[in-house]
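According to Swiss-Prot, the protein has these features:
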- 7, 139: Mg(2+) 1 binding site (BINDING)
- 7: active site (ACT_SITE)
- 67: Mg(2+) 2 binding site (BINDING)
- 67: active site (ACT_SITE)
- 139: active site (ACT_SITE)
């Protein structure tokens, strides 16, 4: 199963594609989509969507996952992050790809073992879980962590269905 994870942001959106075969995970690709702060907001969102649509067309994921937005004291930043996240959700929906959504602490716990893990710990564990992955940057590492989290959750759900059936 091909899964794609996203770490949304208006300035930088990370993406990561993995293949899940039972409990085995392997790295397929990752990257970061960047937009220029000097550009008009609508143009930045359009460029983000165009890049996401191309990535989804290229890798044809069966499922997607996105990190939830954490609010902060800067309402403008939170709003822009929410807009970028909306574009990510729209791109997946237009491609008819189902999306799992995960709080950052759930992603950290799934990958590192503790919900309070630091960014560098997440990056280190992504490299362990996906040997050979050349990370395009911290946002791409986070996106891969989101994809790994979704793979674990899907595997758990399948196991539960087998037990119940």
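The count begins at 1 with the first shown residue.
Note: Cβ is positioned from N, Cα and C throughout, glycine not excepted.
Mapped onto this structure are the features recorded in Swiss-Prot.
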residue	record	Cβ neighbours (10 Å)
7	Mg(2+) 1 binding site	27
67	Mg(2+) 2 binding site	25
139	Mg(2+) 1 binding site	26
- Note on the structure: Rounded to a whole number of Å, the separation of the Cα atoms of residue 7 (Mg(2+) 1 binding site) and residue 67 (Mg(2+) 2 binding site) comes to 6
- Task: Calculate the distance in Å between the alpha carbons (Cα) of residue 67 (Mg(2+) 2 binding site) and residue 139 (Mg(2+) 1 binding site), and round it to a whole number.
- Result: 11
- Assigned element (helix, strand, coil) containing residue 139 (Mg(2+) 1 binding site), judged by DSSP: helix
